[in-house]
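Q: Questions regarding the structure given below will be posed in turn.
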Amino acid sequence: MKFLSLLLLAGIAQAIVPPREPRPPTGGGNKLLTYKECVPRATISPRSTSLAWINSDEDGQYISQSDDGALILQNIVTNTNKTLVAADKVPKGYYDYWFKPDLSAVLWATNYTKQYRHSYFANYFILDIEKGSLTPLAQDQAGDIQYAQWSPVDNSIAYVRGNDLYIWNNGTTKRTTENGGPDIFNGVPDWVYEEEIFGDRFALWFSPDGEYLAYLRFNETGVPTYTIPYYKNKQKIAPAYPRELEIRYPKVSAKNPTVQFHLLNIASSQESTIPVTAFPENDLVIGEVAWLSSGHDSVAYRAFNRVQDREKIVSIKVESKESKVIRERDGTDGWIDNLLSMSYIGDVNGKEYYVDISDASGWAHIYLYPVDGGKEIALTKGEWEVVAILKVDTKKKLIYFTSTKYHSTTRHVYSVSYDTNVMTPLVNDKEAAYYTASFSAKGGYYILSYQGPNVPYQELYSTKDSKKPLKTITSNDALLEKLKEYKLPKVSFFEIKLPSGETLNVKQRLPPNFNPHKKYPVLFTPYGGPGAQEVSQAWNSLDFKSYITSDPELEYVTWTVDNRGTGYKGRKFRSAVAKRLGFLEAQDQVFAAKELLKNRWADKDHIGIWGWSYGGFLTAKTLETDSGVFTFGISTAPVSDFRLYDSMYTERYMKTVELNADGYSETAVHKVDGFKNLKGHYLIQHGTGDDNVHFQNAAVLSNTLMNGGVTADKLTTQWFTDSDHGIRYDMDSTYQYKQLAKMVYDQKQRRPERPPMHQWSKRVLAALFGERAEE
């Protein structure tokens, strides 16, 4: 392995010539973006193609759907195609489908009912393509199956119903668990694991040879319940008593669900419970499961302690059921992100390895780790970060990935050889651009997606030749022509330097008819959460922010600033906010606003800030500083006190209340002077059916402000009946954005020398100072 380590110093291969000239969305016409074109979603936007690649004898094959609904097997290189499922065999109103690996059958999901962000209930049917027969996965199903997945090699399907695990094989079904119920989840995550750990709806994993199934069991017994009332409940006439949804929702320092690791032998139905001893049961989070073999020899899980600042990778030998910690890490200088990036690659110079991403060096990079434990091998290094692994090609010994090597706001696609350690760009990595790629099943081809800042496009390449595209997949020529009719906002990117030395990325939008000799109102639009990124070179969506920049009656300048704590600028920059969320972030937004005001065109009397979710929290914390810089603010679906938010997200960054009581008290929005002293107004928007950031946050915040003396001319609270975190129920999003537009219009019209005054206030002043107050 010395060979690999020495070659780490090998040079990076020469960058290729870009395949086409850039096509900046400069407009050039006279039309201005309108409200209806931008809100609630951008109607003028780039198109993109996403392919369902198929692993078959021919590389480059994928499934598409014809205009009449038939499913077609196509080869993207040869343009040959074959109808696999005729239109009359496609179930009406289906939600999704998955082909059996040998393409002999299709699993359909129908009768979709949404549950949480990723999960849903459905009926499932199996279509035998040769026979044309459609068979229900469960004869008595009633739209109640939670998840189903084909085995990678045979006729088996694992599915979850009623929180119990079942195995279907050629028409025969075996129930493998009997304890599923309201508090026990087999093979699917509960709410908090779905939302904060896996970001998906399953917790089961077939071995590569299909002989074993690893799955997790979650026990919510004792986890506190949160009740969400639904006042209309999607009915024309509201029920006399609201429907109440009870969710086991662990808040900070409350009891978390416990988790167990299980192995199931598919053929024998023998189940084994694997003791998880990496951390005590009440101090354990399992973040990832991955098979570390080409068959079923070993499987591993990533374990964290409760506050997710210590990590252990535990390998399990399937035959002996023996567990071994093969890697561990202390991340108590901040937190450890769950990147879900482990992938087995097999033999390298006589030793088995898997690949993973770690920021232990201070920057997120790719490493090879021995399956049985031992010294890791760094494949990438430097003061930049690997964002995602796109593909592992074990035959060519190449790992394809995206990174921020050029700049933290950019993404370029590279390959790195774990045989020679040579890193090669697949794109021109000397330009400010944002790329990603989708690789065919065998890795012979890829669709390169250029996503900004110019007009996006997609091209097909062979991995044998990254210099010349085989064809254009999506040109977006029509979008380019459409944009030529418009005079668009002027978008630019730059950095500002903090007194402490760090730099903050800024995205600025100027009105299309910007005149540096005029005064312009400004709206800051942060998100600002840990590890997030808003300022990037990706396509500038022509959304609400572009609308308020373009409307002649508004003409706002917008600034989006990625504060400390946000992503892709290294671990130190991220971890600075640990244990005190909202403190440095608010300081950075205030600093940026003061830098903005060095521009003569910035109207100091009309500087606003609007954010959603964490951005709504950050808006409130920024106004709380009472800096005098911001004159109005809008918080949409904000957290107001992280003691009211879920444990697995919050404790990752704040630890528990017992460990950080003062930090939680300071993080809560509790100081009212900044709101009382606003020259303008503060608006809170929240959905009453929000199962993520509960409406409780807005209720507590508005009560804090009202009881603290914030007057009615400074504060408005708007709720949206039964809407979730996205505020999409009924016509809520339409009303919401109209309210936002009215808010920024009213704030622009506000005159500091003569603020709007209600007749009651006029009468009070008249009584105190005489009739002159009425003038």
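Cβ atoms here come from the backbone N, Cα and C positions, even for glycine.
Reproduced below are the annotations present in Swiss-Prot:
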| type | residues | note |
| --- | --- | --- |
| ACT_SITE | Ser613 | active site, charge relay system |
| ACT_SITE | Asp690 | active site, charge relay system |
| ACT_SITE | His725 | active site, charge relay system |
| CARBOHYD | Asn81 | N-linked glycosylation site |
| CARBOHYD | Asn111 | N-linked glycosylation site |
| CARBOHYD | Asn170 | N-linked glycosylation site |
| CARBOHYD | Asn219 | N-linked glycosylation site |
| SIGNAL | 1-15 | signal peptide |
Q: Run through Asn81, Asn111, Asn170, Asn219, His725 for me and report the recorded positions whose CA is within 10 Å of the CA of Asp690 (active site, charge relay system), in sequence order.
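A: Qualifying among Asn81, Asn111, Asn170, Asn219, His725: His725.
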Q: Here the recorded positions are Asn81, Asn170, Asn219, Ser613; which one has the lowest number of other Cβ atoms no more than 10 Å from its Cβ?
A: Asn170
Q: I need the CA-to-CA distance for His725 (active site, charge relay system) versus Asn219 (N-linked glycosylation site), whole Å please.
A: 26
Q: Given the recorded positions Asn81, Asn219, Ser613, which one's Cα is the least distant from that of Asn170 (N-linked glycosylation site)?
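A: Result: the closest of the recorded positions to Asn170 (N-linked glycosylation site) is Asn81.
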Q: Nearest to Asn81 (N-linked glycosylation site) by Cα, among Asn111, Asn219, Ser613 (recorded positions)?
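A: Looking at Cα distances from Asn81 (N-linked glycosylation site), the smallest one goes to Asn111.
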Q: Which three-state DSSP class does Asn219 (N-linked glycosylation site) fall into?
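A: Where Asn219 (N-linked glycosylation site) sits, the three-state DSSP reduction gives strand.
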Q: Going along the chain, which residues six or more apart from Asn111 (N-linked glycosylation site) have their CB under 8 A from its CB?
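A: Looking at Cβ-Cβ distances below 8 Å from Asn111 (N-linked glycosylation site), excluding near sequence neighbours, one finds Gly93, Tyr95, Ala122, Asn123, Gly143.
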Q: Over all shown protein chains, what is the count of other CB atoms within 10 A of the CB belonging to Asp690 (active site, charge relay system)?
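A: 23, counting other Cβ atoms within 10 Å of Asp690 (active site, charge relay system).
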Q: If you draw a 10 Å sphere on the Cβ of His725 (active site, charge relay system), how many other Cβ atoms land inside?
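A: Summing over all protein chains shown, His725 (active site, charge relay system) has 18 other Cβ atoms within 10 Å.
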Q: Using C-alpha atoms only, work out the spacing between Ser613 (active site, charge relay system) and Asn219 (N-linked glycosylation site) and round it to an integer in Å.
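A: Cα to Cα, Ser613 (active site, charge relay system) and Asn219 (N-linked glycosylation site) are separated by 29 Å.
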Q: For Asn81 (N-linked glycosylation site), what is the secondary structure by DSSP, using just helix, strand and coil?
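A: Note: Asn81 (N-linked glycosylation site) is in a strand by DSSP.
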Q: Indicate whether Asn111 (N-linked glycosylation site) is helix, strand or coil by DSSP.
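A: Assignment for Asn111 (N-linked glycosylation site) reads strand.
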